[in-house]
Amino acid sequence: MASVPRGENWTDGTVEVGTHTGNLSSALGVTEWLALQAGNFSSALGLPATTQAPSQVRANLTNQFVQPSWRIALWSLAYGLVVAVAVFGNLIVIWIILAHKRMRTVTNYFLVNLAFSDASVAAFNTLINFIYGLHSEWYFGANYCRFQNFFPITAVFASIYSMTAIAVDRYMAIIDPLKPRLSATATKIVIGSIWILAFLLAFPQCLYSKIKVMPGRTLCYVQWPEGPKQHFTYHIIVIILVYCFPLLIMGVTYTIVGITLWGGEIPGDTCDKYHEQLKAKRKVVKMMIIVVVTFAICWLPYHVYFILTAIYQQLNRWKYIQQVYLASFWLAMSSTMYNPIIYCCLNKRFRAGFKRAFRWCPFIQVSSYDELELKTTRFHPTRQSSLYTVSRMESVTVLFDPNDGDPTKSSRKKRAVPRDPSANGCSHRGSKSASTTSSFISSPYTSVDEYS
């Protein structure tokens, strides 16, 4: 993934340190923003590089990445806003779900994992990364250098695959609702597996992290044993696994779900429960699609930055490359703060939860309806008995020819029509089969709370 602007290889007079930039953790961990080689050409940031003898360069590696104070203040404000909104917003989301029994659904458990990942990246990575990117100086020691290169990839992997798990769960709940849903234990196993895979993917970043103390400068970087080619290959794999592949899965699943939910309703269906549950499912799917699209848009410029600067290395000497990096990194990190805002705007229960969290504000009023939203559980009385039991309780309806006169004396009885067990008390008056069309609407394993 993208890296901070870099210069050429440089040495401290003993060991050559290559600027093998281009990783997720360099935006997440800014691992290798190394010193520019002094010379007559402009620096990677477009700042004039002083002409020094090689011995002077080795002895005086000072920070050449200097910005005006007003620009530093603006960037600090922008990054500080991301951290504040992301940390507090996601912590409130976690509280809303875990503190209210009604909110503890399969989908929401994955949202807890997503919120934890986003809050962790914002709290432990964003500002540290910003400081390193701004000053090109590592102030935080060797242990945090390893953590900074390891944890961000882990957290982003957990975030994107939590969204993928939600997409697959929505797909199964809507397309094949008669199958049992994930239990709480199974959900925990899935979440645990996501984190284990994330740790394995990010482990090389921790293994090869190094600190280099130079005269006037300390650097945190990842030194791959086989050099830049191995580094580039690894991070292309990271881009595929934490961006392209999960987005492909979610694109396919949400497309199928969208066609199912918005492709048309059952002709003549007059059941209120059907419409209520269909509307609730549409809201949840729409909310998650917005979350996924937001993530994709926020991270796209960052990945493009990495690929372009890795292939066209002369871009690292462009005058405004530092500003491009800081902007793309800010946009990527801002993805951690949008989800709580999306939940609050599109989901009435999360909105009620945020009102409760901010009830101390004089302009926030929590109504009795908001309290009930988080405390009351509403189950649909659909399929109170099993499908097999209903199928044995077929109600026989006898139809008469209207031309027969008195139906009590007519012997021209039509074929008995069994009651459709999937109709759920709704009247279906269309040619479309109610048993196939409405099967994705009601399931004995879900309630309205799962979708509202």
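From the backbone N, Cα and C atoms, a Cβ is placed for every residue, glycine too.
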Swiss-Prot: matching membrane side for ALA99 and ILE321: no
The residue that Swiss-Prot pairs with CYS145 in a disulfide, chosen from CYS220, CYS244, is CYS220
Integer Å value for the Cα distance linking CYS361 (S-palmitoyl cysteine) with CYS145 (disulfide bond) is 40
When each of the recorded positions CYS145, CYS220, CYS361 is scored by other CB atoms within 10 A, the minimum falls on CYS361
CYS361 (S-palmitoyl cysteine), DSSP three-state class -> coil
Under a three-state DSSP reduction, the secondary structure at CYS220 (disulfide bond) is strand
